[in-house]
């Protein structure tokens with residue numbers, strides 16, 4: 001990008017602490033009060049309560065560290081490896097990197113820009129197009145559901161952290177009640193099976209088809225001791241495991257304590273949340289690559305299977321993983337950047353976070369596939385893809401298995417590793433919960449930060465009990481698919497078309513030039529206007545055209561579970577037409593056509609939060625957007641793409 005000179009002044013943003021020295025309360029021409037978080041109807045009622053000045057990050061580094069803690073999390077260490085495993089290892093890697101370049105990076109920068117420019121949260125930011133406010137509402141509901149099961153995963157991590165202080169590690173050796181087809185995870189460990197069973201334990205099978213294959217003790221421990229997993233949920237999901245209930249409570253207590261004062265407290269915690277996990281991750285990588293057979297697993301991870309690369313399912317998995325890995329189209333990035341100073345260099349931060357996120361995913365991939373290669377070597381198979389089952393349990397099977405193979409003090413590495421996973425999970429959940437809190441406080445500013453945080457933590461804890469039952473992994477997979485993956489793609493597409501074509505790519509680029517003083521390159525323009533929304537649309541069409549009923553462990557769900565799943569999806573997507581109709585009805589236009597036109601235009605108070613900057617912006621943007629109006633459709637399209 002080429003830097004240009006700024007002609008506007010910024011008298012309201014001269015403080016190093018990021019706080020405006022000018023008043024942020026001004027009545028605009030449409031009678032609205034910018035920065036209040038209240039819509040026009042509330043303001044006209046005369047009941048508006050002006051909130052305190054919007055908080056900002058203490059330092060720009062706190063914003064960067066918080067974004068790293070949010071984007072570099074369980075999506076990289078937990079979800080990326082098993083998604084790669086389920087989609088052919090190296091066959092998934094190439095589509096994933098392409099998707100990151102054409103979808104992940106452009107959306108990440110776009111959301112950073114629009115949040116910082118407007119100083120609005122993920123719902124209020126759609127003041128840029130009131131008719132599409134349903135996108136923000138739907139994303140807020142989606143991220144709320146996501147946070148409930150992330151906390152459940154953190155609860156499981158907490159259970160492993162507690163058990164890591166035992167000697168020997170409880171998953172290191174087989175237990176008699178697990179059956180005959182079990183091999184020890186720890187090298188040279190004495191098994192807990194009877195002697196006559198030890199001699200032929202790898203050659204004995206059972207009559208239960210689910211238990212035919214030989215499993216490591218770490219896998220049996222996860223299924224039998226931690227989850228108490230049921231073979232199906234036809235007769236219900238069971239009652240919560242009290243040990244995991246304690247872990248769930250601790251997880252939400254940590255989140256509440258960190259976000260109770262907003263970015264003032266979460267910003268300080270971000271340094272530890274972002275940096276600490278990398279230390280442990282590097283130690284585990286070194287250990288993984290030195291195990292016998294690790295090279296075979298790593299080769300499986302990086303060697304492309306060209307036949308699978310053309311499989312649209314792999315590309316769909318890459319898009320979904322990109323959403324989870326970077327947390328795009330969930331509202332978290334918009335929320336975090338809305339607390340920035342107006343001129344903060346988000347272009348640099350977006351490049352750092354997206355690059356670091358990719359490196360972290362690859363780091364986790366090398367680690368996990370090195371371990372899988374070793375497990376294949378131990379079991380005596382060349383098929384890396386069948387060594388362990390995919391799904392959420394992979395990180396709770398392969399990583400503990402590797403830790404159990406440490407001959408010197410495996411407890412130390414286990415404690416550090418699960419502390420790292422706990423930190424990663426908390427860092428991601430802080431962002432998701434903060435997004436929900438910000439959405440509520442933007443709409444109801446009289447609620448205090450700690451009140452919203454406590455309310456969401458209690459509700460989420462109650463919902464999260466569902467995921468720590470014997471059938472909890474079934475429900476987690478169900479909500480992940482219907483409540484996150486499907487909704488995220490639809491709302492993400494709606495967000496891109498809204499910003500790229502209704503609000504306008506050209507106007508967005510002019511906003512960036514006004515805010516950062518730099519021209520926007522052709523790569524960004526093409527991605528925002530054509531490439532990114534087009535790829536996502538194609539993926540969505542293919543997904544619905546080839547939809548198959550969701551299954552867990554190759555078992556279909558009962559009818560009532562599918563009904564719940566589709567209800568969740570429908571409710572999230574229904575926000576689009578519902579809020580569009582509401583915006584049209586509430587628009588002050590006199591005729592129906594005026595109401596429709598007005599509902600798709602930004603509010604008059606749209607722009608920078610500071611009134612002086614907003615006045616300069618409105619004059620500048622009006623002068624720059626006027627020249628090519630009325631010159632035809634093709635001229636408008638060309639201007640929107642190329643400027």
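Glycine is no exception: its Cβ is also placed from the backbone N, Cα and C atoms.
Heads up, TrEMBL stuff is auto-annotated, nobody curated it.
Spatially close to residue 428 (Na(+) binding site) yet at least six residues away along the chain are 69, 70, 73, 74, 75, 150, 327, judged by Cβ distances under 8 angstroms. Residues or ranges marked as Na(+) binding site by TrEMBL: 72, 76, 325, 424, 428.
Per TrEMBL, disulfide bond is recorded for 174-182.
If you look at the transmembrane segment (63-80), the same-chain residues 6 or more away from its ends with a CB under 8 A from one of its CBs are 57, 108, 150, 153, 263, 266-267, 270-271, 273-275, 277, 281, 321, 324-327, 332-333, 336-337, 339-340, 344, 349, 352-354, 356-357, 360-361, 364-365, 392, 394-395, 421, 424-425, 427-428, 430-431. Positions annotated as transmembrane segment by TrEMBL: 63-80 (among others).
Annotated transmembrane segment per TrEMBL: 92-110 (among others), in sequence order. Tertiary proximity for the transmembrane segment (92-110) is limited to same-chain residues at least six positions away from its ends with a CB under 8 Å from its CB atoms, namely 71, 83-84, 301-302, 304, 308-309, 314-315, 317-319, 321-322, 325-326, 328-329, 333, 346-347, 350-351, 353-354, 357-358, 361, 365, 492, 496, 499, 508, 524, 527-528, 531-532, 535-536.
Look at TrEMBL and you will find 140-162 (among others) tagged as transmembrane segment.
Taken from TrEMBL, the feature transmembrane segment applies to 239-259 (among others).
For 271-294 (among others), the entry in TrEMBL reads transmembrane segment. Within the chain, the transmembrane segment (271-294) has long-range Cβ neighbours (under 8 A, six or more residues past its boundaries) at 62, 65-66, 68-69, 72, 77, 360, 363-364, 366-368, 370-371, 373-378, 399, 402-403, 405-406, 413, 416-417, 419-420, 423-424, 426-427, 430.
Annotation source TrEMBL lists transmembrane segment at 314-339 (among others). When Cβ-Cβ distances below 8 Å are used as the criterion, the transmembrane segment (314-339) is approached by residues 54-57, 63, 66-67, 70-71, 75-76, 79-80, 83, 86-88, 91-92, 95-96, 98-100, 103-104, 107-108, 111-116, 118-123, 125, 136, 139-140, 142-143, 146, 263, 308, 346, 353-354, 357, 361, 428, 431-432, 434-435, 438-439, 484-485, 488-489, 491-492, 495, 535-536, 539, 542-543 of the same chain, each at least six residues removed from its ends.
Annotation source TrEMBL lists transmembrane segment at 351-372 (among others).
The annotation transmembrane segment is assigned in TrEMBL to 415-440 (among others).
The transmembrane segment feature in TrEMBL is assigned to 452-469 (among others).
Residues or ranges marked as transmembrane segment in TrEMBL: 481-503 (among others). Beyond the ends of the transmembrane segment (481-503), by six or more residues, the same chain brings 107, 110, 114, 126, 128-129, 132, 134-135, 138-139, 141-142, 145-146, 319-320, 323-324, 328-330, 528-529, 532-533, 536-537, 539-540, 543, 550, 564-566, 568-569, 572-573, 576, 600, 602, 640 to within a C-beta distance below 8 angstroms of the stretch.
Annotation comment: TrEMBL describes 523-544 (among others) as transmembrane segment.
Sequence annotations record features per position, and here TrEMBL assigns transmembrane segment to 564-585 (among others).
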Task = Provide the number of Cβ atoms within 10 Å of the Cβ of residue 174 (disulfide bond), excluding the reference atom itself.
result = 26
Note = For the transmembrane segment (140-162), the distant same-chain contacts (Cβ-Cβ under 8 Å, at least six residues beyond its ends) come to 74, 78, 122-123, 226-227, 243-248, 250-252, 255, 330-332, 392, 396, 400, 414-415, 418-419, 421-422, 425-426, 428-429, 432-433, 435-436, 439, 456, 460-461, 463-464, 467-468, 472, 476, 479-480, 483-484, 487-488, 491, 568, 571-572, 575
Query = Between the transmembrane segment (452-469) and the transmembrane segment (351-372), are there at least three Cβ pairs closer than 8 Å, leaving out pairs fewer than 6 positions apart?
reply = no
Ask   = About how far apart, in whole Å, are the alpha carbons (Cα) of residue 174 (disulfide bond) and residue 424 (Na(+) binding site)?
value = 29
Note = Taking the centre of the Cβ atoms of 72, 76, 325, 424, 428 as the Na(+) site, the remaining residues of that chain with Cβ inside 8 Å are 70, 71, 73, 74, 75, 77, 357, 360, 427
Task = Check each residue in the chain of residue 325 (Na(+) binding site) that is at least six apart in sequence and keep those whose C-beta is under 8 Å from its C-beta; list them in sequence order.
result = 71, 75, 76, 79, 80, 104, 357, 361
Inquiry  = Under 8 Å between C-beta atoms and at least six residues away from its ends: which parts of the chain pack against the transmembrane segment (351-372)?
reply    = 64, 67-68, 71-72, 76-77, 80-81, 84-85, 89, 93, 96-97, 100, 104-105, 108, 278, 281-282, 284-285, 288-289, 291, 294-295, 297-298, 300-301, 325-326, 384, 387-388, 394-395, 398-399, 401-402
